[in-house]
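Annotated features, as they stand in TrEMBL:
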| type | residues | note |
| --- | --- | --- |
| DOMAIN | 12-197 | domain 'FAD-binding PCMH-type' |
| BINDING | 40, 41, 42, 43, 44, 45, 46, 47, 143, 205 | FAD binding site |
| BINDING | 553, 582, 696, 863 | Mo-molybdopterin binding site |
| BINDING | 698 | substrate binding site |
| ACT_SITE | 1045 | active site, proton acceptor |
């Protein structure tokens, strides 16, 4: 009955906002007339984020989701009229249907829109975002607006003055986020015409990531030829991403219309386009040279495709490309199908079928995590009287604090208190690596994002409003330091510096055949864990006790106790699970937990602190950016005799764990290579950026990238493949490292050989050479990278662990240990360990939360050593219990586990036991430059092949093969998951993820819209993982090996494969030898490094023009070999669009 009742308008009032939902078009127009500045919200993909993240405020919001006129679809022979309220998913489905229904020649515009819709946002966004909202938002890099404008689409709008049609063209888009629509006008629908005979349309885009990323440059291009000829009758070209709004290349089009579509015409068009689409050096978003190059490259792609069409229609006899059989040669990445293979190890022959160790058992939380039932920190129900904490951070990079005015904040409704350093009753600082770091800034701030104080309020929104009105008086200090170069110039370092050397490097340089010096920069990397920094602190109200629930790798009860000036036994930390950490939830989590605990202590109420993504990225730091320089001496045969490497790590404003990072950098600089004369120097640079911290790999991904880049440079100097240089210089027999630790590289060599064999390296290397000879604008590259990674903490005391195991009378078992579950599967493996040692099914065993009341004095779950240490501790406790039950088993050998447990209880045998593992006594003496900093090495090798679009810098990983030596895996499925995840995270580090700061030290990339991590679309099309068989490791539990960190570096195989492809492109431009390609190898860096004629033309355009150095038009060499390459390129460029869909 409710369904038949007439709908009525609805109105919702909040504290500061009114939300109106009309039901008729008349009511909607009246509302817009009365409130012309009120935004229309349907999918809320624009206004909502602006309110949440940019502080936008609208007193009235109109939501016309029930106005039926906005959802009408009308099909006519001339085209389709789509209601402005239709979601993009609906539009996509509609156009897909039309493409199937009507003749192909009439669907040019529809197919171009479909291509862009396939890349616009994600499925969730397209399900709610509307076509009308997308148009009127008028984003400068809109994917659809250039197509709508180039396709002569028409908007139908209504207002109190009546209805009218508005052509979507250059006059409609008038500025950033602005159109020619009047404030009171409502878009009803958009009309998309069918294509006419002789009319062709294409859309292109280039983005930081293939999916779910705003375009860097996007374009819609439409041409109509005079009937029966190649003369251009109409031409329309629109770009996004090269101006404050969608831009029309009107002059370029005018220069082409009326002329034949040929190379001469298009060559002049490229020059005209450079004049017409100009960007200032300060263009918002930067990448000026790249964007300008893309405008030319995308027009060139359009040119190739139109030449192809003209050839198909036989309209221009001068086009003699001989494209017979073209379809069979097309190189595409169509669809999303991926081949992913992984190969488990076999368990020991005589192993019991009930023994779960070594078997691929599903992660014990996998189902609950997939269904959303898994409880994370912020899922803990709100407690009575609970407060929310929001941090107030510095807006200056280097300044004295003159005063902190909290008076206005305290007047905000709901605000309870503001916490400053004066409120800390105990230690006001934390000490990491011997250097103090303020919990809250006291007298000085040293970066934008430095925590100054915190506001606690009844709700998070109230706390945010209070934080926004805290006034901090500053006096700027001179000479802030942001870059490594500035730090070197001003000698701004955290001491000590580190140096290590073997052999006599300087003497060796005098005896080599060649010396080469190079450098590479590696950018930082945001941890981007799914769960941001989160904690709830609950005062018990008795004897100054606190219960702390937090998401961290290292329960921080000791830090909290010292901050509050109370004994550690008053603080219990609880960690159920962590939604990702990667090293980023140790030091900063400790400090934020201390601040939250002070707030709970002072107010006497529970306090919850959950950082938003932007806050988290600003405050918590990232992987250390590194500048690496190398000087290498080598012989004609490729043998490296001497290497001198310098590492400069940008540590940020505090030391954090930077000194440990630069040590590990030096300990891994040899990677897999035996260089007889080797020297490394590293330093932690003190800058006025947010402090960088631990990240998966802990300096090794930076260290080894410099080493492998050095190997690559040697290969390019000698004109051979880098794999040949790697093999020549690899450790071959039992050897000493540069810190005098003996090891056997047998399994390293096995991984290398098996990787080359399983990847079919030799055949594919030849195939890549042939492909590159046949293709001008697409190149393939390949790289194989080895790794030798040290496992465990070099500070021996951190390698210990403890556990507590209870057996209950019903036979169930409860296990507590000091490791934290971060998704890496440590709880699953501990369950397997307990099952083996107690000889019971895993179903009887429950792993409880990490709780410092049960297992105190824990060490961080880090260094790929969590399973090694905690597994041995759990094993020790279970062995103790099993031995205690031995008399009972002997008394009743036919009994069951439950019977034995009950009998033991009756006989007063303790059913609880603690376990302890002392760990390896590891050390490193930096004065003597020797030691044993690691328990053992994890080895591996990875071969990756990529295909690079030289015109745009876009790439695709065609295939990756990984062979890893992880000993005898406790759980192969979990370990392979770690291998795959680490590789993809490394791929992101080396090819995608880029942190960007303003000249004044403000982090720009503070969310997923600006910072891109790998997505499903970035997984290699063929991804094979193999575990080395027959490997033993006597230094860890059950002969397993740590695997969490090592594989991340193997993502660099994609980086060096890209560099290999770029080198092939540079050969076409007459450039050979080493060149610089910094990490990450983003599309921008890759495209510019390829040095195509279009990039060269852009660079020449910016140079002073003299009579003897005029920019030359781009022409295509008419020789047969070039035509052969273009044959392939037609297919490649044509289907790049399919790939992106």
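Keep in mind that glycine also has a Cβ here, set from the backbone N, Cα and C atoms.
Bear in mind that TrEMBL entries carry predicted annotations, made automatically and left uncurated.
From a predicted model like this one, the values you see are computed outputs, not experimental measurements.
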Per-residue Cβ crowding (10 Å cut-off), top of binding-site residues 582, 698: 582
Cα-to-Cα gap, residue 42 (FAD binding site) vs residue 582 (Mo-molybdopterin binding site), nearest whole Å: 38
Candidates 44, 46, 143, 1045 (recorded positions) with Cα within 10 Å of residue 696 (Mo-molybdopterin binding site): 1045
Distance [Cα-Cα, Å, rounded] between residue 44 (FAD binding site) and the residue listed as 'active site, proton acceptor': 39
By Cα-Cα distance, the member of binding-site residues 143, 553, 863 nearest the residue listed as 'active site, proton acceptor': 863
From binding-site residues 582, 698, 863, the one whose Cα lies nearest residue 40 (FAD binding site): 582
Mean of the pLDDT scores, which run from 0 to 100, over the domain 'FAD-binding PCMH-type' (12-197): 94
Distance from residue 553 (Mo-molybdopterin binding site) back to residue 46 (FAD binding site), taken between C-alpha atoms, in Å: 36
Distance from residue 698 (substrate binding site) back to residue 582 (Mo-molybdopterin binding site), taken between C-alpha atoms, in Å: 10
Length of the line joining the Cα atoms of residue 863 (Mo-molybdopterin binding site) and the residue listed as 'substrate binding site', in Å: 8
Neighbour count (Cβ, 10 Å) for residue 553 (Mo-molybdopterin binding site): 26
Residue 143 (FAD binding site) and residue 698 (substrate binding site), Cα-Cα, nearest whole angstrom: 39
Count of other CB atoms lying within 10 Å of the CB belonging to residue 696 (Mo-molybdopterin binding site): 26
